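Q: The following feature annotations were taken from Swiss-Prot:
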- 1-23: signal peptide (SIGNAL)
- CYS27-CYS38: disulfide bond (DISULFID)
- 34-145: domain 'C-type lectin' (DOMAIN)
- CYS55-CYS144: disulfide bond (DISULFID)
- CYS121-CYS136: disulfide bond (DISULFID)
Amino acid sequence: MGRFISVSFGLLVVFLSLSGIGADQECLPGWSFYEGHCYKVFSEYKNWVDAEQYCTEQENGGHLVSFHNREEVDFVVKLGYTILKADIVWIGLRDFWRECHWEWSNGAQLDYKGWSDEPNCFIAYTVGNKWLRRKCSSTQQFICKARVPH
């Protein structure tokens, strides 16, 4: 009986591993999984354009992080603070044409807002969960978001 339970448990572990239930196993090493996407915090300081380019070079479909609900913001804020112990990171939101037409660097529609009125790129505080506009030429640490690799 003990051998049957042991074998059954072993098969369950193998099945769960292969089916992708093991969270971070769906992302490349160093990336964190949440709701179908992979996230990675970078401690390098870059301006917004260079940070976005760096994200696109990291993984297929990668961009500076975009948010689509409060739960995703909470996950990313916690991830950023845990790794960096810093309070500000670039996010993918920018007024590309300087006409107050805000969109994410990955082309997604802005469907969740969290900022005060102020330049043309956005930072997020990893403490207090606030977004602020900042000059795109200033340098910050950043977080990339990418699709899960297939």
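Cβ atoms here come from the backbone N, Cα and C positions, even for glycine.
Predicted, not measured: the structure shown is a model, and the values here were computed from it.
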Q: Take the C-alpha atoms of CYS55 (disulfide bond) and CYS27 (disulfide bond) and report the distance between them in angstrom, rounded.
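A: Computed Cα spacing between CYS55 (disulfide bond) and CYS27 (disulfide bond) is 15 Å.
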Q: Hey, of CYS121, CYS136, CYS144, which of those disulfide-bonded residues are within 10 Å of CYS38 (disulfide bond), Cα to Cα?
A: CYS144
Q: I need the nearest neighbour of CYS144 (disulfide bond) among the disulfide-bonded residues CYS27, CYS121, CYS136, using C-alpha distances.
A: CYS27
Q: What residues, ordered by sequence, lie under 8 A Cβ-to-Cβ from CYS27 (disulfide bond) and sit at least six positions away in the same chain?
A: PHE33, CYS38, VAL148, PRO149
Q: Under 8 Å Cβ-Cβ from CYS121 (disulfide bond), six or more apart in the same chain: what's there?
A: TRP48, TRP90, LEU93, ARG94, ASP95, ARG133, ARG134, LYS135, CYS136
Q: By DSSP, what is the split of the domain 'C-type lectin' (34-145) into helix, strand and coil residues?
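A: With helix first, then strand, then coil, the domain 'C-type lectin' (34-145) has 26 helix, 40 strand, 46 coil.
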Q: If you count Cβ atoms within 10 Å of each one, which of the disulfide-bonded residues CYS38, CYS55 comes out on top?
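A: Max Cβ neighbours within 10 Å, all protein chains included: CYS55.
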Q: Quick one: among the disulfide-bonded residues CYS136, CYS144, which has the most Cβ atoms sitting within 10 Å of its own Cβ?
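A: Checking each of CYS136, CYS144, the winner is CYS144.
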Q: Taking all residues of the domain 'C-type lectin' (34-145) together, what is their mean pLDDT?
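A: Averaging the confidence scores along the domain 'C-type lectin' (34-145) gives 84.
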